[in-house]
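According to TrEMBL, the features are:
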- 4-238: domain 'PABS' (DOMAIN)
- GLN33, GLU108, ASP139, GLY140, PRO164: S-methyl-5'-thioadenosine binding site (BINDING)
- HIS64, ASP88, ASP157, CYS158, PRO159, ASP160: spermidine binding site (BINDING)
- ASP157: active site, proton acceptor (ACT_SITE)
Amino acid sequence: MKFDAWYTEPQTENLSLSTKLKDILYVGQSEYQEIQVLDTYEFGRVLILENTYQTTERDEFIYHELISHPALFTHGNPKKVLVIGGGDGGSVREVLKHKSVEKIDFVELDGQVVEVAKKFLPTLSCEIDNEKVNTIITDGIKYVAETSEKYDVILVDCPDPVGPAAGLFEKEFYNNLYKCLNDDGIMVQQTESPLLHEKLINKIKGHLKDAGFSTIRPLVCSIPTYPSGFWSFTLASKKNDPLNSDVSEIENKLKDMTTKYYDQDVHKGVFLATPRYLKE
Ligand code: SAM
C-alpha cells in the first residue's frame, strides 16, 4: 500500500513530532493501552503506545545500549538481572550480550506488547525467547513489592509516568528496588527529558537518596524521537561508582561484544558530560 500520510505525536501541549508513513502494520487495543506499529521513511518501524513513540528501529540502539551497559559494566560481574517494562525486548537483547548474565527476569505489564514486538520488531525482540529469559507478565510495581528475589542489576525500561507506569516513579517503588538488590546492586531507569522534566529528575534523585543508594548519577544523551530530543537516565548504586570503573577492563570485554554507541570512553563520558544544572 502506498499513501501520503503522516503520523503526528502530540509530545507536550505545545509541541509535536511528525513522521511520514510508509505503512500501518498493526493497530490494536490491549487491556492496558492502544498499541500501534507504523513503518516510517525516517525511523523505520516505530512502536507507539497510547499515541506516544516508545522506540524506533533507527534510534533504539542509543536508548537500549545506554540503559543497560553503563550499569552492567559498573557492576562488573552481573549474574541475575531484572528488567521492568521494556516489552519490545531491546533491553533484554543488550543485557544478554554480557556473558556473565545467567538469568533475566523480564517483568512486563502487557503481554500484548511482547507479542506484537515479536511479530513486527524482530531486531528488538530477537532474544526474548532465549532460555536465560524468564518472562513474567505482571505489574512491576507489585512484583518488586512482593518478591523475595535479589538482583545484581535492575533496569526500569518504562514509559512516561502516566497510567500504570506512574507508580514506577514513586518513593515506595524505589525503596522496594533497593530491597531487591544485592549489596553491590545497581539500578537504572529512563528518567525523561532534562529540558522538560527537570523537576521530575530531581524528585527521583531525592527518592533514590532516601532509599539508601550511595551513588546517584544522571546521564544524558540525544534521542531524536523523544520530546525535546534530549533524554536522561538515572543510575543508582549501592557500592560501585561508574566513574571509578576500570576502562581497560571494559575495553577488553567489548572485544567480544557488538555495540554501536557504547564503548569505554562513553562509559564515563555520558556521566561526565551531563550538564552542570543536573549534576548539582
Ligand atoms: N524500550 C522502550 C524505548 O526504547 O523507549 C521503552 C518503552 S517500553 C515499550 C515500556 C513498557 O513498559 C511498555 O511495554 C509498558 O507496557 C510497560 N509498563 C508500563 N507500566 C508498567 C508497569 N507498571 N510494570 C511493568 N511494565 C510496565
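Glycine residues also receive a Cβ, built from the backbone N, Cα and C atoms like all the rest.
Known features from TrEMBL, placed on the structure.
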{"residue": "GLN33", "record": "S-methyl-5'-thioadenosine binding site", "contacts (Cβ under 8 Å, 6+ apart)": "LEU49, GLU50, ASP110, VAL113, GLY163"}
{"residue": "HIS64", "record": "spermidine binding site", "contacts (Cβ under 8 Å, 6+ apart)": "THR55, GLY90, SER91, ARG93, GLU94, LEU124"}
{"residue": "ASP88", "record": "spermidine binding site", "contacts (Cβ under 8 Å, 6+ apart)": "LEU47, GLN54, THR55, GLU60, VAL113, ALA117, LEU121, LEU124, SER125"}
{"residue": "GLU108", "record": "S-methyl-5'-thioadenosine binding site", "contacts (Cβ under 8 Å, 6+ apart)": "ILE84, GLY85, GLY86, GLY87, VAL114, THR135, ILE136, ILE137, GLY140"}
{"residue": "ASP139", "record": "S-methyl-5'-thioadenosine binding site", "contacts (Cβ under 8 Å, 6+ apart)": "LEU109, PRO164"}
{"residue": "ASP157", "record": "spermidine binding site", "contacts (Cβ under 8 Å, 6+ apart)": "ILE67, VAL83, ILE84, GLY85, GLY86, GLY90, SER91, GLN190"}
{"residue": "CYS158", "record": "spermidine binding site", "contacts (Cβ under 8 Å, 6+ apart)": "ILE84, GLY85, GLY140, ALA165, LEU168, PHE169, GLN189, GLN190"}
{"residue": "PRO159", "record": "spermidine binding site", "contacts (Cβ under 8 Å, 6+ apart)": "LEU49, GLU50, THR52, GLN54, GLY85, ALA165"}
**Request:** Determine the binding-site residues, out of GLY140, ASP157, ASP160, lying near ligand 1 in the sense that the CB is under 6 Å from one of its atoms, and give them in sequence order.
**Result:** GLY140, ASP157
**Site with most surrounding Cβ atoms, counting all protein chains shown within 10 Å, from the binding-site residues GLY140, PRO164** = GLY140
**Asked** For the domain 'PABS' (4-238), what's the model's average pLDDT?
**Response** 97
